[in-house]
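Under the heading domain 'ABC transmembrane type-2', TrEMBL lists B:25-253. The transmembrane segment annotation in TrEMBL covers B:27-45, B:65-84, B:105-134, B:140-164, B:171-189, B:228-250.
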Ligand SMILES: Nc1ncnc2c1ncn2[C@@H]1O[C@H](COP(=O)(O)OP(=O)(O)OP(=O)(O)O)[C@@H](O)[C@H]1O
Ligand SMILES: [Mg+2]
């Protein structure tokens, strides 16, 4: 039964997941630092953060694999520390690292986890079919897992977490290494699960998925939860929009009513409605218009929000454009459900984007250097 | 445990059987090896037993239980591998995230190795009778009364080492050394009477000594169940002690290395 997206306090319905003030250290590393996160029934939360931000640590804590140093975690009201088995019954975890039994067939792998969850005979068979179908595993059920491709193995790995229809699903980078079709199917299936009341925590480095999922966003940065909200809210609050001009030499000094930053041959003008500002920017160019190579509009996007948020730790950056770390994300989709990046994201340049782990995106992102 | 624990343990045991069925070769080899070595050792043991006042001995009376006991302890490696491979496959954490308790995960892992060890003992004794003319003058039930606790000891040595070791190579080195030390001190490699003087007082400290004592009482001295109750009891005590070590040191959240 889907409920109010974020009950927020004590009065509301019990959230599927409630993380309150959780900290976890590994030796000198603070993997998580006073993290709060609530996920309601039927809600999908996209967990974002750069490598080492603490996403896997958070999921492992929720699944009871490790214990928090401080704070409380409740899964449907069951504490992962005081009632770990009740909490575990409610959740399904597909960890980041592939965890399957390679010598056995897909069916044997799935059946084993169905049996561990207390399913037997016909009901186990039905659930295996049910979990296999959306992940396109039906035809592979009798193949040995060691003989499947990497992406096929990952689909088995994900299906193993969903067999028992958990009410809270934790998917740690479920689309790493899977093809576009599977990605789209998985996203559609996750949406379907959520529509049925399942709460989903979904980590990814591929931001268009968040929009395709219609997910809320939670951003971890160096172990701290630095943002939580809907994509729209975050884009409104933190999205960078502006005009970007590339010159053949060093950019001229312009007098404009908006903040301007320079980076090698590129000039960024930060402005809320870039389309309307274009004319004024062009007019301000004057003589130096001859050196202008390209000019483009940068629309606010989840990418720029992410870079803005996670880049802001650098105190030197007066403007987010200066402070972005490296290119960690690709373009942004229009949220129409396909999951392949295109559409309303950032501007329309052609600079190669991504860090090598993402599929190529058509859109240019702010692959800035540090100020 | 009325919450589905028997069902989960059954599922875990079945999973172990499936994995064993996928790759039975190591087990078959470990059962054939003692039979091979018996063939070479038989005359030596015959001479030793005859010198030891067993005039009609053919050597199998010592060779069969001796090699069976020695090689049974090499099964410790298999118990260890079965636990460590879960870490190699990253399935251990998935099991921990399932409704199963850690103690269920451990308990279920005893079943297949225990059955394997019992079957291996039975096969070696059976083949010893067929191929090497082993004659058991006492009761077969008494052999089982010694054999089953012995098998349990082997499995529990494996579990204790799983609890104590962080890498599979640590486990396998220690398991192999223990198998040899147990065999030597326990009188499996040579008859007890042929052991050096320093070894005598140490022998009762190893489970193989009690196993060999029990087997000899049945095979050579014609003993029945009552004649082996002491050795069987001591073997059970060893198993219990090793179980306590396992429970004391096992940490479900310890990250084990299935390589290096
Ligand atoms: N077992 C461990 N021992 C020591 N440090 C660890 C351990 N696991 C994680 N860490 C550290 O904790 C921090 C958070 O790691 P975590 O795996 O949660 O990051 P992540 O957000 O999942 O990153 P990625 O995107 O690369 O998967 C990192 O600094 C990492 O080095
Ligand atoms: Mg991770």
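Positions of Cβ are set from backbone N, Cα and C atoms, glycine also.
The stretch in closest packing with the transmembrane segment (B:65-84), judged by the count of Cβ pairs under 8 Å and taken from B:105-134, B:171-189, B:228-250, is B:171-189.
Comparing B:27-45, B:171-189, B:228-250 for CB pairs under 8 angstroms to the transmembrane segment (B:140-164), the maximum falls on B:228-250. Using a Cβ-Cβ cut-off under 8 Å and counting only residues 6 or more beyond its ends in the same chain, the transmembrane segment (B:171-189) has close neighbours at 65-67, 69-71, 73-74, 76-77, 80, 84, 157-158, 161-162, 165, 195, 199, 202-203, 205-213.
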